[in-house]
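Before any comments, here is the structure.
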């Protein structure tokens, strides 16, 4: 949160005054420097639901309001260095290394505003709602008429009349309307300059003093822009990731751990999600989401198996590859090498389709290894689930 607020402030977007602290003493000094009527102290982790989270220090809640800087210090002592568990963190929570000490502003009205890339529109769109501070997905279901969407011409940007109309749709009145429109245009300039794919401000609110403020923001960046956004990508704190995720990233593998016992080894995020779904539909539980991506090499296949077999929860592995860019024969060679060198001890189900699939099937069939081949994804899922059930 503090990173997104700094980025916004650097681009002229109005945010509340704040400092970041990595010790209780620093938090106290920050609170004293703010000289605010009321202070909000927020634990800084890459997860939502902080307000209702619980620390292993015994403290409840990762967001606290107080008027006393000394209380800020006491609370920070129970936050920094302790794990905060929320609905979005692993069971053991995530270690809090920093806290944000900010001026607490009263919000007289909350709205929602976002700019994001929309494939259906082949470009950026503005999305807004006069109902902010709540889950926008819920608003879309219960009150779809309160969701306003406007396409943005990538060559001309947000025009003045578009920004004003969105401000009206969000319910801003009088001088606040122009103020909100100005903030909307600044957010779009930010969106472009930092190569964002999404800038979501919730709440995008107004104060009793007549100020439009971006109170909280979520920003997603285009990974392909890393070469020209080095400063932003350097902010990425990989220490909050599971160690296995960081290890996978070394080999250009995308890994997300899940709670089941059937490991998934797939190319492409969409196919990986579909594989997890079909395992679940057949009564199994996926142990992970592992996306091999395109341009794969045999060494990556070996490393992927090494990661999967290191997970003690894994009782079976399902390989599901649809070879377009990916050469199935390379996958097959990687699989056979991994099985031999790692002495695979769990059932392995393989479904291959696409480029060089016949050569791949020959490699697997002639390997002499106990590999179960599957005709399609449904067949693969059933075999993987059945292999676990036999244990």
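Using the three backbone atoms N, Cα and C, a Cβ is placed for every residue, glycine included.
According to Swiss-Prot, the features are:
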{"type": "DOMAIN", "residues": "5-233", "note": "domain 'ATP-grasp'"}
{"type": "BINDING", "residues": "16, 49, 50, 51, 105", "note": "GTP binding site"}
{"type": "SITE", "residues": "38", "note": "site 'Important for substrate specificity'"}
{"type": "SITE", "residues": "106", "note": "site 'Important for substrate specificity'"}
{"type": "BINDING", "residues": "202, 216", "note": "Mg(2+) binding site"}
{"type": "BINDING", "residues": "267, 324, 325, 326", "note": "substrate binding site"}
Longest inter-residue Cα distance for the substrate binders 267, 324, 325, 326, rounded to the nearest angstrom, is 10
Cα of residue 51 (GTP binding site) to Cα of residue 324 (substrate binding site), in Å and rounded, measures 45
When the recorded positions 106, 202, 267 are compared by other Cβ atoms within 10 Å, fewest goes to 106
Rounded Cα distance in angstrom between residue 326 (substrate binding site) and residue 106 (site 'Important for substrate specificity') is 54
Same-chain residues at least 6 apart in sequence with Cβ under 8 Å of the Cβ of residue 38 (site 'Important for substrate specificity'), in sequence order, are 65, 66, 67, 103, 104
Rounding to whole Å, the Cα atoms of residue 216 (Mg(2+) binding site) and residue 50 (GTP binding site) are apart by 13
Smallest Cα-Cα separation from residue 267 (substrate binding site) among the recorded positions 49, 105, 106, 202 is shown by 49
The rounded CA-CA distance in Å from residue 50 (GTP binding site) to residue 202 (Mg(2+) binding site) is 15
Residue 105 (GTP binding site), Cβ-centred 10 Å count of other Cβ atoms over all protein chains shown, is 20
Whole-number Å distance separating the Cα atoms of residue 16 (GTP binding site) and residue 324 (substrate binding site) is 49
Over the domain 'ATP-grasp' (5-233) the mean pLDDT stands at 95
Between the C-alpha atoms of residue 325 (substrate binding site) and residue 105 (GTP binding site), the distance in angstrom, to the nearest integer, is 53
Span of the recorded GTP site, as the biggest CA-CA distance among 16, 49, 50, 51, 105 in Å, is 20
Using a 10 Å radius on the Cβ of residue 49 (GTP binding site), the other Cβ atoms enclosed count 13
Looking only at the recorded positions 106, 202, 324, residue 49 (GTP binding site) has its closest CA neighbour at 202
